[in-house]
């Protein structure tokens, strides 16, 4: 009975040596070092479509580059940030548990500020050459915070709303119209409870629809009259909340929860940060095929998803190889396929070879997905300080209402 | 002989060391000591930040009310059921349903219940539209209600089987049949007589399990996330949220909240103890009053009805999840899915294979270690005539009484400082802390009840103490040993926070996968994960039941042990 006490993992992990960091500019040596490494990719595991995509990407880099990928499924991205922080607290500056994090916004800002990231490396990746740096400013400014090569983009997202045309054929296209519709149809709309990022995004989207001059949102909230700018938002929410699902006394805890609520017929309208999510959900049988998406008049917020490498990651070379693969036209085209993920690409079509461009042109976007023209230009994310303050104020006003 | 003598000490160290280390690791940041965030000296800031959170009164209130309500309800339900039906065929049927009910992990049971009672859930679907007229689900706040009633229901459904098991285990020592015979011959009703004559001595024995239920119910995280309110959530959920917030300075109020949670549990236990004293006084007056009957029939029916309801809810909820895992589109108000397909399984099961394997490996190793330690302790007790006092029982229960959120985050930091890497080994040791008490408690009673004259006979035939242990006692007690192993296995499989925090996210089990999937709300994925999770545990119990039958196929007397 005693011989089966300890698995080898404990001993092995203790013996891991600290190596010099790989140099991303010397790509062949990165590839050589990466072979045989295992990359622990910490990524939110709440959506089955993304889990399937990550498994596919992991199989592909193992086949081609000999890099094994373990998807550590997080309920919250900040769990990985916590882990890196705990390691720094304990003085573990090498051999950390996290190799790659799916990250953006406040998590990135916090890690960058605390010096928890490895790099710069992202702009040295071979596939960086295809990235649409000029046309998509969000790939180098994450919620206005400059990425400085500390994270590599891999997907574009833009806010859309989806509605079941069988119950709601003509959805509201402005925030005031949304309020009128909700008042006339109580209990048929809700949004994820902040601090869920999608819930906070709804608040920011509402703010965009209600402020006079959206340009102030690009400055830190401390630099402007925060109370005056947000006053219309709180008035709007005070009016809206009693007409929400469950009278605003309970909230879905995440974005994908709304899919189930709509499939159950509990709500008629929901917000999403992925233009292809509804089509993907229809393909999976999670939503009826009468669901369609649309954007608000005046545009919706867009941002990019990134991957970053912690300063103490064990498999930095492997993590870079995986990040580079995610930027490849092959992976990007697959991610854009609504049958897979339906995420927007970060690449510039004109920088691609004709064969690679053909991969994108061949995609059927899906019955509920808007074309790039229909999506329209994305509004830039406000400075992260807005998110933090609006989130805190929302919680004080609506999050503890008992 | 020496190592055996040290077994009790080693067991305590393995079990309480992590708890003590973790509490220290939590206390330090709560007092402002957190070098990575610039906290080098004691400061009241973390507690001030906690006090400034507007949701604090609500969160504290919820933690206390839901915890106390779930414990009182579970205890009343179990007591009424046993009082009304002990020794009957109904009771035997309930006992058979116990293992499967115990084996359903908390998170799976909570999902199942949520799907049953939600306005768009199975019950509403079954009644709509023919009875209710609902073409779409009504906008009713049932799941996540602000009082936490759904959460209390979920907790009761899972704690009743546990308390029932503990009560049944304690029952023989109270000699209920004799006491009840005397009481009934004096004209007492069945329930009244049981409550007056048997309950006091049974309660004295299940007191610690009841305390464990109270502490658990006050601090549960996974059930609270699924069924509990979120505006604000119970304190333990908020502590975990702060721990997970990108704003790293929130670790400080999180630590303060964890300390407050510990204080709340201690206060509630104190309150419960006062309640015990009060109830004891009242009960004595009531017993001495001499009334023979108090609506015994109603109490019997009520006890059985509620017990059946809570068991039925768990089973029906699980059946609902099973159906979801093979459902095509299933809109409201259809009571059954329009189509069935295995695409859900084809999509989600392959990804769960590796976590399933790790789940079995971790649970198997933790259980084997726990079993070895528990057997060594019990054998040392037997050979050296050590007498287990009430205090050692308390120590055994300590890991179950200290809230997980109070010491696991600290333990994570502590393990990193000590250089123990996150990995399977660390997770197994972490699980051992929780598995060991259950294994020990399940094993101790049958082990001590073994007739020591067998040992005397064996010794007279020339067997040394080792031979007596390996060749006589262990084979004779194979069935209880395996049952204890199955219980330990189930406990390990159900662990969420220890796996997440000690494993650093690298170690994935079916439970961590299920809770991560739950955040997405995809019922097909949740159904597959919950069924696999339950399946692993049921397989453990099934093995524990069949192995003695196979091993002793030709020795009927050994099977009954």
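Yeah, the Cβs are placed from backbone N, Cα and C, and that goes for glycine too.
As written in TrEMBL, here are the features:
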type	residues	note
DOMAIN	B:356-547	domain 'ABC transmembrane type-1'
TRANSMEM	B:60-85	transmembrane segment
TRANSMEM	B:106-127	transmembrane segment
TRANSMEM	B:147-171	transmembrane segment
TRANSMEM	B:208-230	transmembrane segment
TRANSMEM	B:250-272	transmembrane segment
TRANSMEM	B:301-327	transmembrane segment
TRANSMEM	B:360-380	transmembrane segment
TRANSMEM	B:392-411	transmembrane segment
TRANSMEM	B:423-444	transmembrane segment
TRANSMEM	B:477-497	transmembrane segment
TRANSMEM	B:525-552	transmembrane segment
Other parts of the chain folded back onto the transmembrane segment (B:250-272), taken as Cβ under 8 Å at six or more residues beyond its ends: 23, 26-30, 32, 34, 37, 39, 45-47, 49-50, 53, 60, 63-64, 67-68, 71, 210-211, 214-215, 218-219, 235-236, 238-239, 242-243, 401-403, 405-407, 409-410
Cβ under 8 Å, sequence separation of at least 6 from the ends of the transmembrane segment (B:477-497): give me the contacting residues as numbers and ranges. 99, 102-103, 105-107, 221-222, 240, 359, 362-364, 366-367, 370-371, 374-375, 404-405, 408, 430-431, 434-436, 438-439, 442-443, 446-447, 450, 509-512, 515, 533, 536-537, 540-541, 543-545, 547-548, 551-552, 558-559, 561
Intrachain neighbours beyond the transmembrane segment (B:360-380), with Cβ under 8 angstroms and 6 or more residues off its ends: 4-5, 7-8, 10-11, 14, 386, 424, 427-428, 431-432, 435-436, 439-440, 443-444, 447-448, 469, 474, 481, 484-485, 488-489, 492-493, 499, 507, 509, 536, 540
Spatial neighbours of the transmembrane segment (B:106-127) not adjacent in sequence (6+ beyond its ends, CB under 8 Å) are 134, 137-140, 142-143, 150, 153-154, 157-158, 220, 222-223, 226-227, 313-314, 316-321, 324, 332-335, 494, 496, 511, 514-515, 518, 523, 526, 530-531, 533-534
Could you tell me what the rest of the chain brings near the transmembrane segment (B:301-327), counting residues at least six beyond its ends with Cβ under 8 Å? 77-81, 83-85, 90, 94, 97, 100-101, 104, 108-109, 111-116, 121-122, 153, 156-158, 160-161, 164, 191, 336-337, 339-342, 344-345, 523-524, 526-528, 530-531, 534
For the transmembrane segment (B:60-85), which stretch among B:147-171, B:208-230, B:392-411 has the most Cβ pairs under 8 A? B:147-171
